Amino acid sequence: MLGTLGLWALLPAAVQAPPNRRTCVFFEAPGVRGSTKTLGELLDAGPGPPRVIRCLYSRCCFGIWNLTRDQAQVEMQGCRDSDEPGCESLSCDPSPRARASSGSTLFTCSCGADFCNANYSHLPPLGGPGTPGPQGPQAAPGESPWMALALLGLVLLLLLLLGGIVVALLQRKAYRVQSGPEPEPDSGRDCSEELPELPQLCFSQVIREGGHAAVWAGQLQGELVAIKVFPRRAVAQFRAERALYELPGLQHNHVVRFIAAGQGGPGPLPSGPLLVLELHPKGSLCQYLSQHTSDWGSSLRMALSLAQGLAFLHEERWQDGQYKPGIAHRDLSSQNVLIREDGSCAIGDLGLALVLPGFAQPRAWAPPQPRGPAAIMEAGTQRYMAPELLDKSLDLQDWGTALRRADVYSLALLLWEILSRCPDLRPDGRPPPFQLAYEAELGSAPTTCELWALAVEERRRPDIPSSWCCFATDPGGLRELLEDCWDADPEARLTAECVQQRLVALVHPQEAQPCPEGRPHSHPEDWPPAPAPAPALLPGSPQPGACHFGVQQGLCSRNPGAACASSDV
């Protein structure tokens, strides 16, 4: 029988865990998929494996071994993403999980002490009692009576628990009869107490219904407004979105304007918390593109305004004595972008938006932080999710930058949808009917697995027709812009600020490429105006000319071979 792996001898005694931080052995065999290195901070414990990792999200180590008839081979060691059952053990006691292949079995353990995953106490012989066989785990001789007694005890415990619940319910009912009706839960009552009534608010019709809220069209003091009504069970979602809209400095032409928060309800419906927002009668970008085509100037106006709105959200700034943090939208889709009266875009629905870590926030600034990797990687519409969100490989060490990159990927899909309805980019002037991104490849309701296979495994993107080069300042300008935004490598993507600069360059081209089909270009008066210069960015933020998210960032040039002046992040 194999002994311990003896990995303790390879760990330097100088590696000590700080208080409240678990330190584990880290190892991943070649070919293992799904790295866990982002769940902790890797430390240099020696010239070769195993290494040491300091856990960020749990106080639990794990180990996985592959037992064959000849030997036990380490497959993975590291930190778990949460404290699971079994993590209270101070030693690694592996248990069989599955048959990796014929003649081998995977064993895993969880433990809650520093370096506890370096050694295992014992492994049963392959094919012995407790090792999974073709029909699953086999019970050892003599286990059946003990198992029956354990089940009997569990049944008795459940019966006692049910009896206690029944008695408690009867006592509560008797108390209600004596003391009158019970008040509503605290969460709903507190929310109602702090929200004003809006007696002049009128509801007209439902625009959209979702999982956490319904959006109505209505009026407030004679102004047409959109009213987002939350049920009482969604008070937490209401508070999170309200807190974002009420951030100082969050006013921009291309972000939906927040008007008020209050309580109420349409007609006889029960009142609940609500947000009053600016109404855009032309509807969402998806609805608009389904019913209209847009010439070159109008398409650029939509694309540029969308990039300006996202760049504003991502930007961290001080202006007029007010601090605005960077914000990741995390649910950028053509349903959540609205069309203004002038044909430009306004980004809405901040229900999943997240305040990002900053470089120069005030000392008293303490925004709520996401709790663990799952909260950081939460995203909205699957169709627009970046590859690193689909395969759960988002960079958790610098999650603020990583979420900005994921937004830029979604932005690229929206730009493709806008340009796909531009007749000036078609030889015959007839764009096809509107389709969402990946709808041609996967249909109207793709599954997560289908999106993963297409966007992650095959690295495919929506088709870019060759005729789109006609209106770029250099051949392939539009193609290069989209490809630089939806690159499979997040670090290679443009920033939203750089997307804005490239679109400005397309609005005012120096030389227009002749279109082979002879279609005329749009007139200059149809082009959208250049954006006003943005206020100075904070020290340490990406500079206005910085294109990519990498450490070395170059100026915004459409020539990939041109020399780029680097700037510090």
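Numbers here mean position along the shown chain, with the first residue as 1.
Just so you know, glycine gets a Cβ as well, placed from its N, Cα and C.
Swiss-Prot lists a disulfide bond between C55 and one candidate from C79, C87, C92; that candidate is C79. DSSP assigns C92 (disulfide bond) to coil in the three-state reduction, outside any helix or strand. With the fewest other Cβ atoms inside 10 Å of its Cβ, the least crowded of the recorded positions C79, C92, C109, A213, V215 in this structure is V215. In this structure, the C-alpha atom of A213 (ATP binding site) lies 15 angstrom from that of D331 (active site, proton acceptor). Considering only the residues assigned to ATP binding, I207, R208, E209, G210, G211, H212, A213, A214, V215, K228, the longest pairwise Cα distance works out to 14 Å.
For E209 (ATP binding site), applying a Cβ distance below 8 Å and a minimum sequence separation of six or more within one chain yields V215. The ATP site is set by I207, R208, E209, G210, G211, H212, A213, A214, V215, K228; from the centre of their CB atoms, other residues of the chain with a CB within 8 Å are V229. Cβ neighbour count within 10 Å across all protein chains ranks C55 highest among the recorded positions C55, I207.
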